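To keep things clear, I will list the structure first and then write my remarks on it.
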Amino acid sequence: MSEVCVRVAVRIRPLLPREVLHNHQVCVRVVPGSEQVMLGSDRLFCFDHAFGSTVSQDEVYESCVLPLVESLIDGYNATVFCYGQTGSGKTYTLGGGNLAEDGGIIDRVAHDVFVLLGKTTQSSDVEKATVRVSYIELYREELRDLLELHTTHKELHIREDDRGNTGHLKSHVDKQDFDYISENN
């Protein structure tokens, strides 16, 4: 795994049917052959990955997320953080449709983590692995644990310690633990 701790990708969604109907124009595009996005006709922004409106869910996942999943199996932590205004395509990228056609990041991660864990436990002495998952939404400056069965908001406070490290103090947000036990046992 590379030494870069944070990588940033941008995905440009296509115009929605109602935007086409109202003659809206595309104002953001990926510069061909680069990881740059052009806003308007003269403003360039650089990213680690830049995906245009025709790029598949597969391409986004394999470029940005699969390397993180593979590092999870090696014991590293990983976070995928999606940011954008309402209607920008976050839910589609994360959730997508059915896994075979255009499944999103969540479906693909869940599938690949357990496939890779299965291969790891079959080819090594590892008999048991624990997977901890958090699925948190930040909306209008409120954090919600989306794995919590009850829809009540949990109060999470993000704080910085005296060394500049950040973390959260939780009133009570449980992480979902999934134990994977090899079928060879």
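Every residue gets a Cβ built from N, Cα and C, even glycine.
TrEMBL lists Gly84, Gln85, Thr86, Gly87, Ser88, Gly89, Lys90, Thr91 with the feature ATP binding site. Sequence annotations record features per position, and here TrEMBL assigns domain 'Kinesin motor' to 5-185.
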Around the Cβ of Ser88 (ATP binding site), other Cβ atoms within 10 Å, all chains included, total 14
With a radius of 8 angstroms around the mean position of the C-beta atoms of Gly84, Gln85, Thr86, Gly87, Ser88, Gly89, Lys90, Thr91, what other residues of the same chain does the ATP site pick up? Arg13
If you draw a 10 Å sphere on the Cβ of Gln85 (ATP binding site), how many other Cβ atoms land inside? 7
Across the domain 'Kinesin motor' (5-185), the model's average pLDDT, rounded to a whole number, is 80
Per-residue Cβ crowding (10 Å cut-off), top of binding-site residues Thr86, Thr91: Thr91
